[in-house]
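Enquirer: Grabbed the feature section from Swiss-Prot, which reads as follows:
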BINDING   GLY260, PRO261, PRO262, GLY263, THR264, GLY265, LYS266, SER267  ATP binding site
COMPBIAS  137-151  compositional bias 'Gly residues'
REGION    136-155  region 'Disordered'
TRANSMEM  11-27  transmembrane segment
Amino acid sequence: MFFSKDLPSPTSVFTAYASMAGYMMMIRSMAHELIPAPLQDFIYRTLRSLFFRSSSSTLTLTIDDDNMGMNNEIYRAAQTYLSTKISPDAVRLRISKGHKDKHVNLYLSDGEIVNDVYEDVQLVWRFVTDGGDKKGGGGGVGGRGGGGGRRGGMDDDGKSEYFELSFDKKHKDLILNSYVPYIESKAKEIRDERRILMLHSLNSLRWESVILEHPSTFETMAMEDDLKRDVIEDLDRFIRRKEFYKRVGKAWKRGYLLYGPPGTGKSSLVAAMANYLKFDVYDLQLASVMRDSDLRRLLLATRNRSILVIEDIDCAVDLPNRIEQPVEGKNRGESQGPLTLSGLLNFIDGLWSSCGDERIIIFTTNHKDRLDPALLRPGRMDMHIYMGHCSFQGFKTLASNYLGLSDAAMPHRLFPEIERLIDGEVMTPAQVAEELMKSEDADVALEGLVNVLEKMRLKSKESNPVMMKQKESRLEMEEMRLKSDTEGSPRKNSKRFKKLVLFWT
Ligand SMILES: Nc1ncnc2c1ncn2[C@@H]1O[C@H](COP(=O)(O)OP(=O)(O)OP(=O)(O)O)[C@@H](O)[C@H]1O
């Protein structure tokens with residue numbers, strides 16, 4: 001008769017398992033040099049089956065990459081998660097680096113073990129390669145998640161690769177319902193962190209890809225704080241509303257129209273959005289797409305979690321004129337004939353958006369007034385973002401980016417002067433940035449900027465003194481009116497500020 005105190009505790013079972021597995025691995029790597037591969041497999045399998053028979057309280061899950069012919073997401077998640085948990089004592093690892101990767105990726109190699117603890121439950125992971133002809137040091141983990149290696153499951157040599165996850169049987173529910181989802185979410189975080197963004201551009205009607213290393217982020221963007229916050233909130237809402245889009249039967253896509261003069265940061269904002277979301281960018285130059293059928297092929301070749309950008313939509317292609325040349329007998333949007341605006345909108349609204357997830361489309365233009373009303377129709381572009389001339393707030397962001405100046409503690413002596421001169425449509429952020437780059441010495445750079453601002457104000461006054469006078473007095477009146485009815489409400493004030501900017505345009 002057995003008493004519970006005679007039974008080994010789960011902790012000691014796992015400790016014993018881990019040590020034994022470690023010894024097995026050491027013996028295995030020595031044996032690897034001396035014993036032929038088929039004999040190695042036989043010995044390893046025999047020892048393993050002996051061990052598992054003796055620890056009846058252990059449950060072992062096997063996780064391979066085959067999910068009835070589809071990929072097994074848990075396998076991929078485990079592969080990514082475990083690559084961050086590799087013990088310093090590991091004796092055999094697989095290393096890989098794809099041409100797009102910035103860093104090398106480390107993966108478990110055959111027989112390697114990782115010990116993990118989840119809510120005080122001890123877990124042992126092992127990567128196993130079974131059967132087939134061993135080459136080049138014992139196979140490896142499929143590296144699709146990070147390095148372009150072989151996939152798990154059965155490979156061409158008839159060798160199967162899988163993970164084993166062992167733990168005490170009594171924790172089965174916790175592991176399946178809590179630990180596995182935890183691994184999946186961790187793996188997503190790690191992948192997002194590591195993700196290399198790609199910029200895809202057209203070359204002879206094919207997407208050609210390079211690594212996107214644009215440094216622009218929302219922190220570096222010279223924009224009004226309110227507008228910046230609105231854009232970030234909109235992106236966040238879009239990303240977390242997968243279920244919502246499904247429920248209401250809408251394609252999970254979002255459209256933005258960025259408009260404003262050249263050099264106000266439209267392209268930089270696209271890059272900031274891509275960096276924020278970790279989305280690839282597809283830069284679609286419409287001028288090189290002549291037919292609806294080409295557009296269709298190109299759009300279908302784009303991947304999920306991406307931003308499709310069509311820059312300078314007003315002048316990239318003369319779409320309205322092309323509408324005047326319909327091709328007989330063809331359906332709209334499926335035509336082999338010339339690319340039309342309706343074809344473009346048809347694909348964007350229909351086919352392309354319904355066959356992918358997490359898609360963003362961005363149109364940019366310097367002339368919103370020249371756009372076809374069909375593009376501006378409510379519901380087509382979800383958010384219209386005006387990128388305007390450099391405000392004082394925008395200047396402060398640029399001064400901090402380029403000269404490391406912060407206005408928090410002690411603003412630079414020239415800040416008040418710049419605040420007075422920069423208001424209105426005087427300089428674009430690109431022009432301000434150019435001035436700030438002229439010297440590393442903040443005094444010199446800011447004095448240069450003050451000179452340019454003075455010259456530009458004078459020039460615009462001289463070019464239209466009457467209009468300037470009228471604008472100034474209207475602005476003053478509007479300012480006084482706003483001051484009287486929004487005193488003490490910063491949020492209201494900033495909204496009115498936007499109106500003031502519009503008033504100037
Ligand atoms: N709002 C901004 N914030 C930060 N930097 C900016 C901003 N606007 C312009 N810049 C700077 O000016 C350069 C040019 O800006 P960008 O190409 O993003 O402007 P754009 O509006 O897309 O111009 P265009 O309409 O000519 O394509 C950027 O590389 C960046 O250094």
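A Cβ is built for glycine as well, from the same backbone N, Cα and C atoms used for every other residue.
These numbers come from a predicted model, not from an experiment.
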Enquirer: Running a distance check here. Ligand 1 versus the binding-site residues PRO261, PRO262, GLY263, GLY265: which have CB less than 6 Å from one of its atoms?
Expert: PRO262, GLY263, GLY265
Enquirer: Counting other Cβ atoms within 10 Å, pick out the least crowded of the binding-site residues THR264, SER267.
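Expert: Taking THR264, SER267 as the binding-site residues, the minimal 10 Å Cβ count falls on SER267.
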Enquirer: If you take the centroid of the Cβ atoms of GLY260, PRO261, PRO262, GLY263, THR264, GLY265, LYS266, SER267, the listed ATP site, which other residues of that chain have their Cβ within 8 Å of it?
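Expert: Other same-chain residues near the ATP site: ASN366, MET387, THR428, PRO429, ALA430.
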Enquirer: Please name the residue among the binding-site residues PRO261, GLY263, GLY265 whose C-beta has the most neighbouring C-beta atoms within 10 angstroms.
Expert: GLY265
Enquirer: Of all the binding-site residues given, GLY260, PRO262, LYS266, which has the fewest Cβ neighbours within 10 Å once its own Cβ is left out?
Expert: PRO262
Enquirer: Quick one: what's DSSP say for LYS266 (ATP binding site), helix, strand or coil?
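Expert: For LYS266 (ATP binding site) - judged by DSSP and reduced to three states - the answer is helix.
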Enquirer: Looking only at DSSP and grouping its letters into three states, which state does GLY260 (ATP binding site) belong to?
Expert: coil
